[in-house]
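Asks: What Swiss-Prot lists as thiamine diphosphate binding site is HIS66, GLY107, HIS108, ALA109, GLY139, ALA140, ASN167, PHE277, GLU350, and the listing cites sequence analysis. According to Swiss-Prot, the Mg(2+) binding site annotation covers ASP138, ASN167.
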Amino acid sequence: MLLDEIKRMSYDELKRLAEDIRKKITEVVLKNGGHLASNLGTIELTLALYRVFDPREDAIIWDTGHQAYTHKILTGRDELFHTIRTFGGLSGFVTRRESPLDWFGTGHAGTSIAAGLGFEKAFELLGEKRHVVVVIGDGALTSGMALEALNQLKNINSKMKIILNDNGMSISPNVGGLAYHLSKLRTSPIYLKGKKVLKEVLEKTEIGFEVEEEMKYLRDSLKGMIQGTNFFESLGLKYFGPFDGHNIELLEKVFKRIRDYDYPSVIHVVTKKGKGFTAAEEDPTKYHSAPPSEKPKMLSYSELLGYTLSRIAREDKKIVAITAAMADGTGLSIFQKEHPDRFFDLGITEQTCVTFGAALGLHGMKPVVAIYSTFLQRAYDQIVHDVALQNAPVLFAIDKSGVVGEDGPTHHGLFDINYLLPVPNMKIISPSSPEEFVSSLYTILKNLDGPVAIRYPKESFYGEVESILENMKKIDLGWKILRRGKEAAIIATGTILNEVLKIPLDVTVVNALTVKPLDTAVLKEIARDHDIIITVEEAMRIGGFGSFVAQRLQEMGWQGKIVNVGVEDLFVPHGGRKELLSTLGLDSEGLTKTVLTYIKARSREGKV
């Protein structure tokens, strides 16, 4: 595999290989979609790293996993790389199901250092001599979990090597004090000039790097005078850098020198997000996760959120918007442009975002916390303890709910209904269309008197923002019977309703806009007229909307057949949305088969 070949290559050959990999990644991602900018920035870093460390022996952990395409290419997946993010193909993230060289499955930011500590202690207890290397971005480093683990390194005598991939970005530009500190480290001209002169002098001596280490007090004094305390060194870690993340020869020398150090080290590497692809370099946020290039421009629910909140906030000065390093991903960059003083990007800090929103709400504001469904679960304690327990008026805009497609199991938003349903005071709204979405937002914000969650999909659609917003109005947040039939009743929540409406059977169809509370009046009417009720949700079936409906029907003493349709007890793989819905039996064809099964069973038995 390429992993062996790169160790024999000259630096000129490595540079050519880097350009070949850059070309391959660009071509495949522009076709399949994927994380382009972050991967173009880590090619040289990965090549240098794998010249020194071997993932077959050493635990190399890629935080978040969205910058590991070169890792995949080098570790035996070069021939399959064209399948990345396609149904049945390679995952867009690091996963142990795909390769034993993917030491730890990732997809959410900030987990790598804690995982590295776990591997390191396992190796130690088992008497295995292996290195542990973590590659983490400066954006992920701001997450609470990463900082918690960083704080433990010295305490448990770790020897971990942390490669800080600093490109000044997560998805949106990084914010906060740590981002400012890293900026100072990589840009201080006096320090960089002084360090360069000192290093040149030392390298001319016979004992070179060893002298530099012995004269560490001089280097530290230089840094201290210019920059103040180094954050990493204040935690008892050794800090090296910053280094050019695109200089393979330099990085290889650095990695060789620190490989066998017996103390925890941070190697600060500065890279260019989108390196080598001009469009991605100029707009790394746009190309962080690039859609297939041939996909026509459509409007997303995320963008619609931004436009809707901006419009409502013109009249309601109490509305504020909060996100966790996802200004563009959640559509809130649209709100930010019009209302910058009421927009807050707190970095990769979902827990902080929720509690921050709770306090805003408790003092008279109307906070909208916009976070992807898969990331909101990281702040569950704060949702329960800080928001719901105090009945704080917070609107959770749960983006990317349901099946998200190519990003796969780490990003599907299939658990939000299940983890929010049992929370007291929480209301859950699941619109079925863009028009219902904007009117639901308008209605909720007109009378936000407690915690409300509105969930909506990753899907895009054809539509004009202005025409949708012109029809925004206050609506009844209840259920509606859209059509009546005799064979069975189907209660669907969310945009999966559109698949239900395609079922060519004589069935009643109910649009359940509210997941919680249930619309008991409509439910009683349906129960009176039907002996088969089928619930459909694009979420986990166990403990979901259907279970909630079944419980209520049982309490009502209803004697019919209740069928809950949703995602079974499994982690859904990656692939196109249509392919996944078909596989899960949640497209119109699969739903039709399910409904027919129960209708036919009743006919055969003369009962349900």
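Even glycines carry a Cβ here, placed using N, Cα and C.
Relative to the rest of the structure, where do these features sit?
Replies: Other C-beta atoms found within 10 angstroms of the C-beta of ASN167 (thiamine diphosphate binding site) number 23, with every protein chain shown included.
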Asks: Is GLU350 (thiamine diphosphate binding site) helix, strand or coil when read with DSSP?
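Replies: Reduced to three states, the DSSP call for GLU350 (thiamine diphosphate binding site) is helix.
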Asks: Using all protein chains in view, find how many other C-beta atoms are within 10 Å of the C-beta of GLY139 (thiamine diphosphate binding site).
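Replies: 29, counting other Cβ atoms within 10 Å of GLY139 (thiamine diphosphate binding site).
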Asks: Can you tell which of ASP138, GLU350 has the most other C-beta atoms within 10 Å, given these are the binding-site residues?
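Replies: In terms of Cβ crowding, the pick is GLU350.
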Asks: Hey, what's the Cβ neighbour count for HIS108 (thiamine diphosphate binding site) at 10 Å?
Replies: 22
Asks: Please report the number of other Cβ atoms within 10 Å of the Cβ of HIS66 (thiamine diphosphate binding site).
Replies: 27
Asks: Of HIS66, HIS108, ASN167, GLU350, which is closest to ASP138 (Mg(2+) binding site) if I measure between C-alpha atoms? They're all binding-site residues.
Replies: ASN167
